[in-house]
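Input: a single structure, listed below in structure tokens.
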Amino acid sequence: MLPTTTPNSNGALSARDAARHTAGAKRYKYLRRLLHFRAMDFEFALWQMLYLFTSPQRVYRNFHYRKQTKDQWARDDPAFLVVLSIWLCVSTIGFGLVLDMGVLETLKLLLWVVFVDCIGVGLLISTLMWVISNKYLLKHPSRNFDVEWGYAFDVHLNAFYPLLVILHFLQLFFINHIVVINSEWFLGCFVGNTLWLIAIGYYLYITFLGYNALPFLQNTVVLLYPFALLALIYVLSVSLGWNFTRGLCWFYKYRVQ
């Protein structure tokens, strides 16, 4: 492993290295790269998106490598966020078409989904998980070992991507066609709610993998406990005919009125 910092004679980082590794410096570097598309590695971002479906553990092994080479767990390249945003915009426009929305209504829906559902809810969940992991899951609470907020946000983005593809893209082909999810048929309710089960299951599992990958955390298995509640809600919803996709379609239409 190559050293990324230069310690002084007493083992502490120099003032220059310490400043370079502050949260503010990392955030500034990340935001600055958003303005330089040529500096982003989109091929690697697409590779991560593929493996989040097939082998998410491989994605988090790369986070370990980044920590060894760049002394940070969080991504320093915003390419993943940019590609995810493109996916979100395209799929939301698809929802607007499927639900027969006009141009203005689709634009309103797009703004809601991007700034509230993705950014707003993402910041809230990331901050909540950052607080919980640093307060309750650390093996040895110390300033030298803590969960970076940027890493918590990356874990959320990783977990959000499969959920987005399943619920905002694959589901589009079933809403008005094939089994007509957006209907009162039992088959539509079953298929639609099963897609929700798979999507949320992916979110929970990839979130667990993200925090389980940090060697200074303990008891991360508690992040899998919500699976029991998820299974219970799924059984009840199918038995009682609660169609989550119909609710989502109604909610999207209500938003843009």
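Yeah, the Cβs are placed from backbone N, Cα and C, and that goes for glycine too.
What TrEMBL records for 79-98, 110-132, 159-178, 185-205, 225-245 is transmembrane segment.
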Which residues, given as numbers and ranges, are at least 6 beyond the ends of the transmembrane segment (110-132) yet have a Cβ under 8 Å from it?
-> 85, 88-89, 92-93, 96, 147, 149, 152-153, 155-157, 160, 207, 211, 255-256
Looking only at residues six or more beyond either end of the transmembrane segment (225-245), which have a C-beta under 8 A from one in the stretch?
-> 171, 175, 181-184, 186, 188-190, 192-197, 200-201, 204
